[in-house]
Amino acid sequence: MALTAGIVGLPNVGKSTLFNAITKAGALAANYPFATIDPNVGIVEVPDSRLDVLTEMVEPKKTIPTTFEFTDIAGIVKGASKGEGLGNKFLSHIREVDAICQVVRAFDDDNVTHVSGRVDPIDDIEVINMELVLADLESVDKRLPKLEKMARQKDKDAVNETRILSRIKEALEEGNPVRSLEFTEEDQKYVNQAQLLTSKEMLYIANVGEDEIGDEDNEKVKTIREYAEKEDSEVIVISAKIEEEIAVLEDEDREMFLEDLGIEEPGLDRLIRTTYDLLGLATYFTAGVQEVRAWTFIKGMTAPQCAGIIHTDFERGFIRAEVTSYDDYVEFNGENGAKDAGKQRLEGKEYIMKDGDVVHFRFNV
């Protein structure tokens, strides 16, 4: 699936350090505001222990994990919505992603300058969120006069869109993001068409110091959690510095490093999975001696649509899907065991795929 998450944040909050860890790449992480002018795109593997289990069971020639895309978007500054810094470019890059991961500085370090001269997580969050709100307000203000003119001519779509955008404008003028509003399924179509920045899901990443990981009493983290809770957003806590260090280690060394720190898993794994869930993504598997593979799909997709992710011919000529849940596949020792136990199902065109389905598509073109 071609859904992406954009990593945003004020300058020098640890954004590019985090991105370096995500991709194990050399995105420039310099201590000045515009070290990242063009967005860097990184493809990451989605961690999934189920794929490892299936690989052990099937012993295929190769195993292919599913992937997810992160974009490192250069630091926004106050006034970005009016073109300050490189504001227009940054905002256009945010418009192209499907979810926003906002890195918030929750560490003190005199060697890393802060753009406002002090470390205040809530102030940082509100600077970025307000720039996104102002950018949306400008978009709505440009669109509404044209719509109102069309609505006067009894254009049904224009009437509906005018009603929805007027409601959105009211929320934006109060400083509230579009995602804080609830819409009917029909109205949501118009919201999606508007491509507003604050309609995107937001994940806050509290970036703490290396010696503060696992510290539940971190006051800065507490304030970020309280803020996020009010808008029903999620927060994950990581140390970008630690993640950058362990990203280049071999698996065995990484496990020892994490154990010494008292951490169960890399923060990046949590970040990837949380963002994956945030976008409503799920995974199904194909398992054969040639290849065991994980595939990303959007929750709610039908079996033919999921077949089309592999190849358009699979969707066009879809006949049926032979489906076994992951749990049944493991419990009954593979496809044949699940089939003998009556746990493999034949599903048709209306079947809604579930996370963890192990599937074989039958098709004819």
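For all residues, glycine too, the Cβ spot is worked out from N, Cα and C.
Annotated domain 'OBG-type G' per TrEMBL: 3-258, in sequence order. Annotation comment: TrEMBL describes Asn12, Val13, Gly14, Lys15, Ser16, Thr17 as ATP binding site. Positions annotated as domain 'TGS' by TrEMBL: 280-363.
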Looking at Cβ-Cβ distances, which residues of the chain lie under 8 angstroms from Gly14 (ATP binding site) while being 6 or more apart from it?
Val103, Arg105, Phe107, Asn207, Ala240, Lys241
For Asn12 (ATP binding site), what is the secondary structure by DSSP, using just helix, strand and coil?
coil
Count the Cβ atoms, other than its own, that fall within 10 Å of the Cβ of Thr17 (ATP binding site), considering every protein chain shown.
21
Other C-beta atoms that fall within 10 angstroms of the C-beta of Val13 (ATP binding site):
27
Which of Asn12, Ser16, the listed binding-site residues, has fewest other Cβ atoms within 10 Å:
Asn12
For a three-state summary based on DSSP, what are the helix, strand and coil counts in the domain 'TGS' (280-363)?
25 helix, 35 strand, 24 coil
